[in-house]
Amino acid sequence: MAAPISDEIAQKIFKVMEEQTDILKKMGNGLTKLEEAKLKKPLRVEVLDEEEREDWDERDKTDYERNKQFEKLMVETIAIREKMEKMQLAFLKAQGMDDCLYNIVDIALELNQFAGGDNKKQNMAPNMTEEEAARQKAINDWLPVTASRTAKWWYSAFHNVTAMVGAGVLSLPYAMSHLGWGPGVTVLILSWIITFYTLWQMVEMHEMVPGKRFDRYHELGQQAFGEKLGLWIVVPQQLVVEISVDIVYMVTGGRSLKKFHDIVCPNCKSIRTTYFIMIFASVHFVLSHLPSFNSISGVSLSAAVMSLAYSTIAWTASAAKGVQPDVDYGYSAKSASGKTFNVFTALGDVAFAYAGHNVVLEIQATIPSTPEKPSKVPMWKGAVVAYIIVGLCYFPVALIGYWVFGNSVEDNVLLSLEKPNWLIAVANMFVVIHVIGSYQIFAVPVFDMMETFLVKKLKFRPSFILRFIIRNVYVAFTMMVAIIIPFFGGLLGFFGGLVMAPTTYYLPCIMWLVIYKPKPFSITWMANWICIVLGVALMIVGPIGGLRTIILSAKEYEFFS
């Protein structure tokens with residue numbers, strides 16, 4: 001039963017409603033004036049593109065802008081009417097003073113924003129003071145993802161290349177050796193198409209609500225699934241993806257450094273991989289203190305260039321080496337179970353190779369956006385360039401590497417190349433430089449989540465000391481796990497299937513279906529469901545093969561060796 005409302009509270013409610021009367025009258029007068037202007041001279045119905053608009057004379061342009069303004073105001077008026085209905089419902093069904101006032105003040109503030117109210121009060125929660133709003137803005141300006149929004153379209157290109165073309169490309173010939181020519185080529189092409197499509201979906205959904213940006217993956221999840229459920233669905237998966245990628249890159253960086261050392265100094269005393277992982281980690285104890293996403297742009301650009309360079313070296317050196325005399329394109333495993341598990345591992349490797357979606361929204365958050373020039377335009381332009389580069393890296397490495405070495409190829413194709421020594425040494429150093437940048441690309445969103453939790457939830461004061469401690473702890477954690485479990489191929493398959501398939505292959509499709517609700521059995525609806533089915537299958541089989549590889553490798557491994 002609704003709680004009774006006293007005369008005093010009722011007076012407060014009516015006062016709030018009366019305060020909005022003037023706002024509604026102003027908007028009504030504005031609509032009347034626009035309608036009168038519209039009736040005086042018919043407006044153009046045809047909406048021309050940008051090039052044609054440049055040729056309009058001033059009068060036509062004025063008519064076009066008036067029409068746009070009128071349509072926008074009509075949409076806002078409809079929204080106000082809906083909110084007034086909610087206000088009445090809140091009044092009738094109030095469960096007490098606080099709930100009733102909260103609902104009505106919330107709607108009143110939104111009405112004030114529609115009418116062009118005080119900018120200082122816009123985007124404030126109904127119970128938020130100006131001081132609290134200023135504090136929240138200061139925190140957002142301090143957090144690494146939203147600290148800077150000055151990126152250009154080419155930032156999107158090299159950030160996406162750095163995020164995607166990493167350790168995974170070097171394992172693609174190994175994946176091909178377990179899949180064979182037909183299935184292998186099919187899986188590579190399908191993965192490229194599906195992930196390109198889901199990337200487009202995420203770019204489009206970044207600003208699907210006018211005036212609001214979903215700067216982080218979990219914010220988009222909250223829009224689709226609700227505040228609490230969205231967090232529980234997205235945050236655990238995103239954290240596991242980003243942390244696991246950084247662990248794999250620790251392993252990759254350490255192993256590539258060791259390979260470089262062994263080639264350059266073949267007569268030197270052998271040094272454990274553990275120490276090379278620690279050397280690689282020492283770089284991140286410094287770089288991890290760069291404050292924002294945009295501040296690592298130089299590192300990311302260098303990494304993108306290196307990825308294209310070492311991928312080119314990998315496939316050109318393989319082609320120059322020529323097909324090996326004893327090459328075998330059959331499956332290396334003899335038993336049916338062994339072949340099956342290897343296929344599962346290969347599918348996980350491919351999923352890992354296309355794991356850049358977890359930072360797409362965070363990358364787009366660094367690009368400025370206005371109603372006239374939304375961020376999705378430069379973001380998508382950069383993403384298209386990035387995916388062309390991805391194709392130029394992935395397909396030659398995968399196909400030529402497998403063609404040359406067959407099923408004897410290593411899980412890192414550079415390890416299969418022995419000569420010329422100087423070229424292999426250079427390629428391994430390029431890999432080191434690239435994974436330095438890739439590590440940072442995936443680490444920044446983790447830093448952002450940790451700092452957001454500590455500052456907003458636990459009320460820690462934003463400071464250099466706080467940032468210094470949590471970022472060093474994170475780097476140390478990923479370094480220790482990499483030292484304990486340096487099983488490169490198994491890690492790719494396990495993490496690739498477990499969490500990268502969901503966040504890359506089908507979670508964007510589920511969000512798209514929930515938010516946009518396309519007509520059942522339409523092309524869009526079917527395309528999304530195909531991606532979902534394939535992604536779920538990949539999520540199930542990938543970890544199985546990867547875990548088996550880790551178990552087999554662990555039998556012959558000594559910790560900290």
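Cβ coordinates come from backbone N, Cα and C, glycine included.
Annotations in TrEMBL come from automatic prediction, not curation.
Annotated domain 'Amino acid transporter transmembrane' per TrEMBL: 150-545, in sequence order.
Annotated transmembrane segment per TrEMBL: 153-172 (among others), in sequence order.
Long-range contacts of the transmembrane segment (179-200) within its own chain (CB-CB distance under 8 A, at least 6 residues past either end) are made by residues 172, 329, 331, 343, 346-347, 350-351, 353-354, 356-357, 360, 380, 383, 387, 390-391, 394-395, 398-399, 402, 504-506, 508-509, 527, 531, 534-535. What TrEMBL records for 179-200 (among others) is transmembrane segment.
For the transmembrane segment (384-405), the list of distant contacts is 154, 156-161, 164-165, 169-170, 172-173, 175-177, 181, 184-185, 188, 192, 196, 199, 304, 307-308, 311-312, 314-315, 318-319, 321-324, 327, 329, 353, 413, 416: same-chain residues at least six beyond its ends, Cβ to Cβ under 8 Å. Residues annotated as transmembrane segment in TrEMBL: 384-405 (among others).
As annotated by TrEMBL, transmembrane segment applies to 425-447 (among others).
As annotated by TrEMBL, transmembrane segment applies to 468-488 (among others).
Long-range contacts of the transmembrane segment (494-515) within its own chain (CB-CB distance under 8 A, at least 6 residues past either end) are made by residues 168, 194-195, 198-199, 201-202, 205, 208, 217, 220-221, 223-225, 233-234, 237-238, 240-241, 244-245, 248, 344, 347-358, 524-525, 528-529, 531-532, 534-536, 538-547, 549-550. According to TrEMBL, the feature transmembrane segment maps to 494-515 (among others).
Residues or ranges marked as transmembrane segment by TrEMBL: 527-551 (among others).
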